[in-house]
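**Q** Attaching a single structure in structure tokens format; questions to follow.
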Amino acid sequence: MPNASSWSASSPLLLLWEDSSGTRIFLSLLYAVLAISGTLSNVMVIYLVFSFKKLQTTSNAFIVNGCAADLSVCALWMPQEAVLGLLPPNSSSLRSAEYRLLRGGLLGLGLTVSLASHLLVAFNRYVLITKLPSVYQALYQRRHTGCMIGLSWALALLLVPLLPGLWTSGSAQQPPLRQTDGSSRYTALLLALAVLGQTALLLHCYLGIVRRVRGSAKRVSVLNFHLLHQLPFPAAPPPPRRSQRRLSSVSVLLLCCVFLLGTQPLVWVSLLGFFLRPAPPALQAASWLLLCALSALNPLLYTWRSEEFRRAARSVLP
């Protein structure tokens, strides 16, 4: 049976061999809830954007790209984890290395593209607010937008096969080799540093938006890009200038806080395990669960304050 350190370094899957039946059933129910809610919300956002022309903006194209990636986690990976959690720990499905590799590949692909989409959305909004309209138009032509989306998937497809130690665990009968464990620790470190760098860029973009909106409401009002449909705050009716700046800042900061809550626990747990000692398995499982839960929350993060999305949803839902 793998010990805590080998589990932490070599597997992102949250079903621990030593978990009790009650814990595994609880995780299965949690996966089921996240899978259903995440699948419905991601599919709804994709459907609304493709069905309503007013929602077909560049920023929403990146949001749809993230929703498609999140579906590989919510609709393909989470249901398998929910079912496997109800199986006995010595099940042949859990011991199959090929099947674990497939599950890990779905998770890695979805999370990589989803995190890249977060950064693409943030950079798009940063350029939209802080740069001249001509710069935005030149950078976000249809062809350039398609290339950015394609590169996010190409990067994910390139990285996932290179991270076998992170996406697969050792045998259920014996712990992984020491060499594999060391390689997995370095892989986890690189993953943590990559997420940390992505988070720093995302915060730079959104805090730059907050500074610009708070400092110059006039700058926002003269752009002819339907800004309030691209940003996570209400589109109509426009509130007074001071309250608009306050609402804009609160909405952006709330989005950043939810993103940090979902990503940073895994980063610091991975860094702790590399430089000091592995964190308890329950803490590692909780950090991965928060990151995976972000796939179910992403559609709400980017649409809950948009009047256009709410109006489109009301026209579709009974």
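In case you wondered, yes, glycine gets a Cβ from its N, Cα and C as well.
Residues annotated as domain 'G-protein coupled receptors family 1 profile' in TrEMBL: 41-302. Taken from TrEMBL, the feature transmembrane segment covers 25-50, 62-80, 100-123, 144-167, 187-209, 250-276, 282-304.
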**Q** May I ask which of the stretches 25-50, 100-123, 187-209, 250-276, 282-304 has the most CB pairs under 8 A with the transmembrane segment (62-80)?
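**A** By the under-8 Å Cβ criterion, the transmembrane segment (62-80) pairs most with 100-123.
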**Q** Top stretch among 25-50, 187-209, 250-276, 282-304 for CB pairs under 8 A with the transmembrane segment (100-123)?
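**A** Selected stretch: 187-209, with the most Cβ pairs under 8 Å.
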**Q** For the transmembrane segment (250-276), which recorded stretch in the set 25-50, 187-209, 282-304 gives the largest number of Cβ pairs separated by under 8 Å?
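**A** By Cβ pairs under 8 Å, 187-209 leads among 25-50, 187-209, 282-304.
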**Q** Using Cβ atoms and a strict cutoff of less than 8 Å, what residues sit near the transmembrane segment (282-304) while being 6 or more residues removed from its termini?
**A** 7-8, 12, 14, 16, 30, 34-35, 37-38, 41-42, 44-45, 63, 66-67, 69-70, 73-74, 77-78, 107, 110-111, 114, 118, 121, 232, 255, 258-259, 261-263, 265-266, 269, 273, 310
**Q** Average the pLDDT scores across the domain 'G-protein coupled receptors family 1 profile' (41-302) and report the rounded value.
**A** 77
